[in-house]
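Accompanying notes for the structure given below.
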Amino acid sequence: MDAMLRLSPRGVIATPYAVFSALCPALSSGSTRRECRDLVPSGYISQLRLQNSTTRLESGNRRSISASYPDLSWCAGPPKRPMQAANKRETRSVLRFHPATFLFAARALRDIGDGFVAVLLPVYLLALGFTPLEVGVIATASLLGSALLTICVGVLGATHDHRRLLLAGASLMIATGAAFAVVHDYALLLVIAFTGTINPSAGSVSVFVPLEHAVLTREVSARERTRMFARCSLVGAFAGAIGGLAAAIPDLLAPVGLDRLGGIRAMFVVYALLGLLGGLLYARIPRRPAPDSGTTAALGPSRHIVFKLAALFSLDAFAGGFVVQSLLALWLFERFGLSLSEAAVFFFWSGVLSACSFPVAAWLSRRIGLINTMVFTHIPSSIALMLAALAPTLPLALVFLLVRAALSQMDVPTRSSYVMAVVTEAERAAAASFTSVPRSLAASASPVLAGALFAASFQAWPLLICGALKIVYDLLLLMQFRRLKPPEEC
């Protein structure tokens, strides 16, 4: 070995590349030269130069080796070094997912379930022999129960761990799906709809929404808030579109001997399984830090803003209750004789268009503001809905409904972001709840009215009433809040 080394004023030069490979077998196994340099102990080498490479490995505080080169058996095996341990820690930190990832995944699973349940619910109830009015009553009970559950969430959310409340909601989703699959009595179905998580709107009216908004706002910066809300809505809309398409599965199972009613019951079992998977994802969300002494009040300095927003959102939700997705599907079935498979395809593309609108809403809100985005995209969608109600043919009605789908949901991420922006951090969970509760209460009143109008053969009136009331809401929102801007717009 000594013959293969020669001394120079600047250090030791290893002539053949094989010498360096012998000194550091890790090089031949694919390790980097930096790792090999770290294996050389202090006091051995100040500089090594490879004959076939221009790379130098330098260490300023290492002395040149002496003529009598010591034993190099230390290089036979790669011992664990602090740098290697640090690299492992960095690898583990890279593999950690952002809490929003689990939130988005759970939201996707839940919206897939809501997507096919909203389409299948009226078909299932009609197949059991119930009238359109009774379908509307079931939808009303579901939305009213969601409102009361959301009130509880608003009260508990200020002092309790949000993750634990989300897990409780996932458990309720499992029980709801299992119960709808086996219960056929109307009175029992009414109770289950009231106490469970069945969502006839397949939208943002849900007990999960205020909790998810509070967690998401806690985990992102103010500048990224609207964008993250848009991404969350985007994920939910695409998942809802897939769920709407999955509503065709009962018809696809007919060739294998399973009738439509049995196929729909199987889909309710799938709904329960999606709740189970969502609960596993919610369990990965970190616990909320213990609240300070000043965070126990549900609403504080922003109370008047929240109450005013809640009143306006209630008007919007009351209007939307006339055309929740279950009732819109019922209108298409009754007015044009649309089949279940055709309705599934329509609601899929409707959901895709809604999903594509969310990134546009985030981009537009950065340029014209949150309130302007909410108003000036909502009014055209309401006009399109009214035109669909008056359309004489199915293709024309579907075109207007697709135009509405491309515009009507652009206010969802902007509305959520605006509420979170104009209240203090301690009030966010309560603000999300107290703006969602009146929405659910108001939305629960109109489906039964829409069902009565359907039963009386006034099939176009629910759509016309919805469009007109939503335009009134947009104008009032613009007049009341155009001067109250979120921090990022000031």
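Placed from the backbone N, Cα and C atoms, the Cβ positions cover glycine too.
These figures come from a predicted structure and were not determined experimentally.
The feature domain 'Major facilitator superfamily (MFS) profile' is assigned by TrEMBL to 99-485.
Long-range contacts of the transmembrane segment (112-131) within the same chain: residues 138-139, 173, 177, 180, 184, 186, 189, 198-203, 206, 239-247, 249-250, 260-261, 264, 267-268, 270-271, 274-275, 324-327, 329-330, 333, 340, 343-344, 347, 351, 455, each at least 6 residues beyond the stretch ends and with a Cβ under 8 Å from a Cβ of the stretch. Under the heading transmembrane segment, TrEMBL lists 112-131 (among others).
Sequence annotations record features per position, and here TrEMBL assigns transmembrane segment to 137-158 (among others). Long-range contacts of the transmembrane segment (137-158) within the same chain, counting only residues at least 6 positions beyond its ends with a Cβ under 8 Å from a Cβ of the stretch, are 121, 125, 130, 165, 169, 189-190, 193-201, 205-207, 209-211, 214, 291, 295-298, 321, 324, 326-327, 426, 429-430, 432-434, 436-441, 443-448, 451.
Marked as transmembrane segment by TrEMBL: 165-183 (among others). Sequence-distant contacts of the transmembrane segment (165-183), counting only residues of its own chain at least 6 positions beyond either end whose CB sits under 8 Å from a CB of the stretch, comprise 106, 110, 113, 124, 149, 153, 156-157, 189, 192, 195-198, 207-208, 211-212, 215, 265-266, 268-276, 278-279, 282-283, 285.
Within the same chain, residues 107, 110-111, 114-115, 117-118, 121, 125, 137-139, 141-146, 149-150, 153-154, 157, 162, 165-166, 169, 172-173, 175-176, 179-180, 183, 233, 240, 243-244, 275, 317, 320-321, 324-327, 409, 412, 416, 429, 432-433, 436, 439-440, 443, 447 sit at least 6 positions outside the transmembrane segment (189-211) and bring their C-beta atoms closer than 8 Å to a C-beta of that stretch. Per TrEMBL, the feature transmembrane segment maps to 189-211 (among others).
Per TrEMBL, transmembrane segment is recorded for 232-250 (among others).
Taken from TrEMBL, the feature transmembrane segment applies to 262-283 (among others). Beyond the transmembrane segment (262-283), the same-chain residues lying 6 or more positions past its ends with a Cβ under 8 Å from any Cβ of the stretch are 102-103, 105-106, 109-110, 112-113, 116-117, 120, 123-124, 127, 163, 166-167, 170-178, 180-182, 197, 246-247, 249-251, 253-254.
Taken from TrEMBL, the feature transmembrane segment applies to 309-333 (among others). Tertiary proximity for the transmembrane segment (309-333) is limited to same-chain residues at least six positions away from its ends with a CB under 8 Å from its CB atoms, namely 118-119, 121-123, 126, 132, 135-136, 139, 143, 200-203, 205, 343, 346-347, 385, 401, 415, 419, 434-435, 437-447, 449-451, 454, 459, 462-463, 465-470, 472-473, 476-477, 480-481.
Residues 115, 118-119, 226-227, 229-231, 233-234, 237-238, 240-245, 247-248, 325, 329, 332, 338, 373, 377, 398, 401-402, 405-414 of the same chain, all 6+ positions outside the transmembrane segment (345-364), place their C-beta atoms under 8 angstroms from a C-beta of that stretch. Positions annotated as transmembrane segment by TrEMBL: 345-364 (among others).
Feature annotation from TrEMBL assigns transmembrane segment to 385-407 (among others).
Residues 131-137, 139-140, 312, 315-316, 318-323, 327, 330-331, 334-335, 378-379, 381-383, 385-386, 388-390 of the same chain sit 6 or more residues outside the transmembrane segment (448-473) yet have a Cβ under 8 Å from a Cβ within it. Feature annotation from TrEMBL assigns transmembrane segment to 448-473 (among others).
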